[in-house]
Structure formats: C-alpha cells, structure tokens
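> Quick one: the structure is below, and I'll ask about it shortly.
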Amino acid sequence: MRLILATSNQDKIKEIRQIYASFSQDFGVEILSWDTLMTPFEITEDGTSFQENALIKSRVVFEILKNQGILKVRDIVLSDDSGICVEKLGGAPGIRSARYSGGGAEENLEKLRSEVKRLGGISRAHYCACIGISSFVSDSSAHGFMYGQVIAECRGENGFGYDPIFIPNGFNKTLAELSSEEKNSISHRRIALENAQYLLRALLEK
Ligand code: ITT
C-alpha cells in the first residue's frame with residue numbers, strides 16, 4: 001500500500017516519516033509525498049475547522065490523482081491540518097496559523113510573540129493536528145492535541161513554526177529546545193498519527 005502525503009510543508013513530512021517509521025516497516029506501507037506524483041498546487045482551505053480543512057486537502061488530492069489515473073486501488077492520501085490556539089487570543093491563530101501575519105513562518109512567529117508580549121508575556125495555549133485520510137473506501141480523520149503555554153521570547157533552534165515560543169506542559173523548555181525525538185513523543189501530530197493508525201490498519205485489512 002502507498003500512503004501519499006498531501007502536504008507541501010517539508011517539516012510536517014519529516015515528522016510524519018519519523019513517527020510512522022516502524023508502522024510503515026511493520027505493515028509494508030510505502031510513504032511518499034504528492035509532489036513525487038504530480039505538480040503541487042495551492043489548495044483553497046476554506047473549511048471552518050482543522051477537520052474540514054484536513055479532509056478538503058486529502059479529498060482534493062485523492063480526486064486529482066484518481067482522475068489522472070495515477071492511483072492504485074489500495075492507495076491512501078493522508079493530509080495534516082494543524083495550528084496553535086492561544087487562550088488569551090480567544091483561540092487565534094487556530095486554523096489561520098499558516099496565514100496569521102500574511103507573510104512567512106518567521107513573520108507569523110514574530111506576530112504571535114509580540115501579541116503574547118502585549119498580553120502580559122504568557123498564555124495557556126495548545127496545538128491541534130487533524131489527520132485527513134481519503135481512499136477508494138471512505139474519508140476519515142483523527143485528532144491530536146498538545147497543551148502548554150506560549151511565552152514572549154524565542155528559545156531554541158529545533159522544530160518549526162511556533163515551536164520557539166511553546167512550552168509543553170511538564171517541561172521547562174520550548175519545543176524548539178527539545179530534540180525531534182522528544183517532540184515526536186508528545187506532539188499533537190504524534191497523537192493524531194497514532195489515532196490515524198487505527199483507521200489505516202482497518203483500511204489495510206479490507
Ligand atoms: P500544508 O497545508 O501543505 O500541509 P501548511 O504549513 O500550510 O502546509 P497548515 O495549513 O496546516 O499547513 O498550517 C499549519 C501551520 O501551523 C504551520 O505552518 C505552523 O505555522 C503551525 N504548526 C502546525 N504544527 C506545528 C508544529 O508542530 N510546530 C510548529 N508550528 C506548527
């Protein structure tokens with residue numbers, strides 16, 4: 001079976017490959033990203049939740065690959081829609097995390113850092129990831145969350161996105177100060193992918 005990742009975010013691809021390393025080996029699942037099968041394009045993420053956007057991404061890519069005759073019958077398309085929700089900002093940036101500042105990842109981080117500073121320097125926050133799965137059989141999804149706090153200073157070089165200002169509960173380091181193994185053992189993406197494994201195994205057994 002091929003698991004086709006419908007994401008253009010290389011950091012997500014790296015994490016998904018790491019988290020699914022033993023699953024793909026144990027179940028003979030080949031993981032590849034959609035840009036190896038087609039020219040990637042901008043997908044309009046106009047859903048109102050992480051789940052809606054994840055399913056938009058997996059279904060759109062599935063349909064195009066199917067119409068181009070590229071898909072094999074057991075192929076599965078997997079997407080990830082994720083973001084950070086800050087309590088003192090009423091849950092923002094949330095599903096707009098990738099578009100928060102209108103600029104790139106660095107501008108998004110700087111905008112959130114300065115907002116947190118304006119609001120007193122700290123706020124409870126959580127990351128959410130929703131995995132979308134589209135196949136010839138069905139569409140399904142799985143969520144994962146990671147709770148913690150955001151601070152108004154950047155610390156660490158690892159990870160991506162908002163990781164330099166997010167301290168997970170139970171730690172005194174930001175995600176960017178943790179190793180990729182440490183992040184992947186607790187992250188929203190890890191939990192969502194673990195939940196998604198149950199759906200994938202069911203599809204594998206069909
Ligand atoms: P695709 O839609 O192609 O998958 P994207 O980066 O646009 O890529 P999203 O719309 O899901 O993906 O936006 C996710 C954003 O949320 C991401 O760009 C980061 O800013 C943030 N984010 C999600 N997970 C994160 C993580 O583990 N660490 C840091 N930031 C994260």
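Positions of Cβ are set from backbone N, Cα and C atoms, glycine also.
Sharing the features that TrEMBL gives for it:
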BINDING   THR7, SER8, ASN9, GLN10, ASP11, LYS12, SER82, PHE160, GLY161, TYR162, ASP163, LYS183, HIS188, ARG189  substrate binding site
ACT_SITE  ASP81  active site, proton acceptor
BINDING   ASP81  Mg(2+) binding site
> Sorry to bug you, but what's the C-alpha spacing from the residue listed as 'active site, proton acceptor' to HIS188 (substrate binding site), rounded to the closest Å?
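Here the two Cα atoms lie 11 Å apart.
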> Roughly how many Å separate the Cα of ASP163 (substrate binding site) from that of ASP81 (active site, proton acceptor), to the nearest whole number?
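The separation of the Cα atoms works out to 16 Å.
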> Using a Cβ cut-off under 8 Å and a sequence separation of 6 or more, which residues in the same chain sit near THR7 (substrate binding site)?
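Listed in sequence order, they are ILE13, ILE16, SER33, TRP34, LYS57, SER79, ASP80.
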> Which entry in the list of binding-site residues, ASN9, SER82, has its Cβ near the fewest other Cβ atoms, using 10 Å as the limit?
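Counting other Cβ atoms within 10 Å of each of the binding-site residues ASN9, SER82, the minimum falls on ASN9.
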> Would you mind checking how many other C-beta atoms are within 10 angstroms of the C-beta on GLY161 (substrate binding site)?
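Result for GLY161 (substrate binding site): 23 neighbouring Cβ atoms inside 10 Å.
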> Other Cβ atoms within 10 Å is the metric here; tell me which of the recorded positions ASP81, ASP163 scores highest.
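Max Cβ neighbours within 10 Å, all protein chains included: ASP81.
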> Need one number for the substrate-binding residues THR7, SER8, ASN9, GLN10, ASP11, LYS12, SER82, PHE160, GLY161, TYR162, ASP163, LYS183, HIS188, ARG189: the maximum pairwise CA distance in Å, whole number please.
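Farthest Cα pair among residues binding substrate: 21 Å.
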> List the Cα distance (Å, whole number) between ASP81 (active site, proton acceptor) and ASN9 (substrate binding site).
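Here the two Cα atoms lie 11 Å apart.
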